[in-house]
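This report refers to the structure that appears directly beneath it.
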Amino acid sequence: MSPKPISDDRGSPHFRHTPLQIIHVVGNFLRIWSVYSMYRYLTQTGASVVLFIFSCLVPSSVLFLLLQKPWKGRPLSNTQVVPSLINGAIAALYFILWGKGLKSCGPLRAILAEYSGAVLGVLSAVLYGRRGHVWKKVGGLIAMLASFYFLSQGWALATFSPFSFRDSLDSDVQAEQVLGMSQMMIPILAGILSALRRVIARRVSLKNQLKRRLHAITIASATCFLFPVAMWDLIIGSSGSSVELPFSAWAFLSTILFGIILIFYVDSIAEEKLHMVFSSPRHLMAAGGCIIVMEMVYKMDFSLAGFVICSSILGFGIYEATALERGRKDSFQKPDVSNGMLDDELEMSSLPT
């Protein structure tokens, strides 16, 4: 009789999901590591953001196409391919805005601004939700805007944080500057575009394998849309100066392998198995821990207390902004937990970001 409780514990969802949670944390840590490597390369060399991202998207799109082979298997319909191509244009604009936001705002603020996609939950509540839920989502939106405002004012920086008590920074610490909300709007818009891209991908493909095939088409389409912009930037840059920029293998390889390819599969696993979408407090908590580690490793201008306060306000805002979707998901999952296909479809259709 005694072995039964042990088998029940081992078969519990928490025990089964522990390896997936570890994979999710490690994948996000590697992705955030690539972001800091990309930021250091862009700031130290003055390289073009568009050219760097295009140089990373070309091999990434080739690898995605070779891995997924969208031309094999069941033929894709026009109702699936055309939205994926349009999604590629949105992805190209997202990469440009996010790269420029990273270079101007720094990695900490650029990564946290990606969670601005939760505002789509507020928009869905205004258009389709109940009036009681609208006010809760508007309150979440206000909390998110307050968090981004505090970030733009340097609350997460040791130099300007009201919670930092150090008189001066160490000589090897990279000092950052206070930004206005106008500069913060660049990564915030990038985060909204990223959420819109995920919504379109989720609506077009409910099946996981089909989603991966269409994602390969989306990345290839984004590369094609980015090609004329990169060539124009190359022409303008080459006419302005003839200085050769140093090549950093780690910055490019980490962005390709971790920042584009690996993070897609890690987020897909988290969404399918852990029911954890990108714009969620749980995802923010995992990313926040990785940011703290990288800020200390790279010796950035970092205030732990200010960062915790800003990320907590942002997490509360995301929690309130996605309250309606969580309620719908829980109400649908309680009657029948065994119906996995129905749960997956409801999970995909209810969550906005």
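The first residue you see is number 1, and the count goes up from there.
Glycine is no exception: its Cβ is also placed from the backbone N, Cα and C atoms.
Annotations in TrEMBL come from automatic prediction, not curation.
As annotated by TrEMBL, transmembrane segment applies to 45-67 (among others).
Annotated transmembrane segment per TrEMBL: 79-98 (among others), in sequence order.
Residues annotated as transmembrane segment in TrEMBL: 110-128 (among others).
Outside the transmembrane segment (140-158), and at least 6 residues removed from its termini, the chain residues within Cβ reach (under 8 Å) are 108-109, 112-113, 115-116, 118-119, 121-122, 164, 166, 169, 173, 176-181, 183-184, 188, 301-303, 306-307, 309-311, 313-314, 316-323. Under the heading transmembrane segment, TrEMBL lists 140-158 (among others).
Residues 90-91, 93-94, 97-98, 100-102, 104-105, 109-110, 113-120, 148-149, 151-154, 157, 160, 278-279, 352-353 of the same chain lie 6+ residues outside the transmembrane segment (178-196) yet bring a C-beta within less than 8 angstroms of a C-beta in it. If you look up TrEMBL, you'll see 178-196 (among others) marked as transmembrane segment.
Annotation comment: TrEMBL describes 216-235 (among others) as transmembrane segment.
Residues annotated as transmembrane segment in TrEMBL: 247-266 (among others). Beyond its flanks by at least six residues, the transmembrane segment (247-266) meets 23-24, 27-28, 30-31, 33-35, 37-38, 40-41, 45, 52, 55-57, 59-60, 63-64, 215, 219 of its own chain at Cβ-Cβ distances under 8 Å.
Sequence-distant neighbours of the transmembrane segment (304-324) (same chain, 6+ residues past either end, Cβ-Cβ under 8 Å): 108, 112, 115, 118-119, 121-122, 124-125, 129-130, 133, 136-137, 139-148, 150-151, 154-157, 161-164, 279-281, 284-285, 288, 291-292, 295, 351-353. As annotated by TrEMBL, transmembrane segment applies to 304-324 (among others).
Stretch with the largest number of CB pairs closer than 8 A to the transmembrane segment (79-98), among 45-67, 110-128, 216-235: 216-235.
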